[in-house]
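Enquirer: Take this structure first; my questions come after.
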Amino acid sequence: MDNSRKYLLNFKGCNFERTLVDMKILEKLDDFEIRDDDVFVITYPKSGTVWTQQILSLIYFEGHRNRTEKWDTLDRVPFLEYNIRKVDIENRPSPRLFASHLPYYLAPKSLKNNKAKIIYVYRNPKDVLISFFHFSNMVVKLEASNTLENFMEKFLDGKVVGSIWFDHIRGWYEHKNDFNILFMMYEDMKKDLRSSILKISSFLEKDLSEEEVDAIVRQATFENMKFIPQANYNNILSNEIGRRHNEGAFLRKGAVGDWKHHMTVEQSERFDRIFQEEMKDFPLKFIWDLNDEANSNHSAK
């Protein structure tokens, strides 16, 4: 039985979580006024969003870097369409930092051909699938799946928040010339966090000292974030979103290649065939396992 409509709201072809999405914002997205110094982290769900929010916050806020201020990262870098904390996003002081799962075609019109910056983080979709599967089974506001096979069908059909992964990444990449955008690969960030932070800060035109970069790297490692209440989203999970059970955390593993521990050979090969068809001639590389990186550009094996 398909219960997706109970959990999802479809707006102009894209699925959103029904109870958390701010419809007033969605309906006014076209006319949302973008400032030149706005910065957006845009991802498909379960692709490093919270991690990149933490990095952005650390780059921009000295009080975060030196731990003199104890704001939640979600308050520093709120979601545009999921305004859970009811932030006055239009009147926030500059520079405004936002996170979003929006597809390219729902982005505010004035974000095109604008100085405002977008950091698009993408992750190999097999690990996205596994992370999304566990997350959906943990939170009450998403439809649980009894098996990975069941969730994989929904994921490939786009019956999940964010709709179809292939459409999301292709849409943003194929329209990259309309935006001031930097593409970052999750797996590269896992391999070399310091270099990734320097690349992001250079794109943002933020000149950081060695000490500041060191502080950002320390506080932005996935392992450390899991134990920082302001960064790990566990309080949001327990309060605004809600858990089905007490096992697990918002930040689960963040591992590269975790799909190998969950997908059967048949599921993996079936996913490979779909990936090769959907992503043929797509220029961005993908890393499926850090141990097999040399053979991992476009093959989903």
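Keep in mind that glycine also has a Cβ here, set from the backbone N, Cα and C atoms.
Residues annotated as active site, proton acceptor in Swiss-Prot: HIS101. What Swiss-Prot records for 46-51, ARG123, SER131, TYR186, 220-225, 252-254 is 3'-phosphoadenylyl sulfate binding site.
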Enquirer: Using DSSP and three states only, what is THR49 (3'-phosphoadenylyl sulfate binding site)?
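Expert: Where THR49 (3'-phosphoadenylyl sulfate binding site) sits, the three-state DSSP reduction gives helix.
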Enquirer: What binding-site residues among THR49, ARG123, ALA220 are found with a C-alpha within 10 angstroms of that of HIS101 (active site, proton acceptor)?
Expert: THR49
Enquirer: Might you list, by sequence position, any residue in that chain lying six or more from LYS46 (3'-phosphoadenylyl sulfate binding site) with a Cβ less than 8 Å away from its Cβ?
Expert: ARG123, VAL128, SER131, PHE132, PHE135
Enquirer: Should ARG123 (3'-phosphoadenylyl sulfate binding site) be counted as helix, strand, or coil on the basis of DSSP?
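Expert: DSSP assigns ARG123 (3'-phosphoadenylyl sulfate binding site) to coil.
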Enquirer: Who sits close to THR49 (3'-phosphoadenylyl sulfate binding site): which same-chain residues at least 6 apart have their Cβ under 8 Å from its Cβ?
Expert: VAL41, THR43, ALA99, HIS101, VAL121
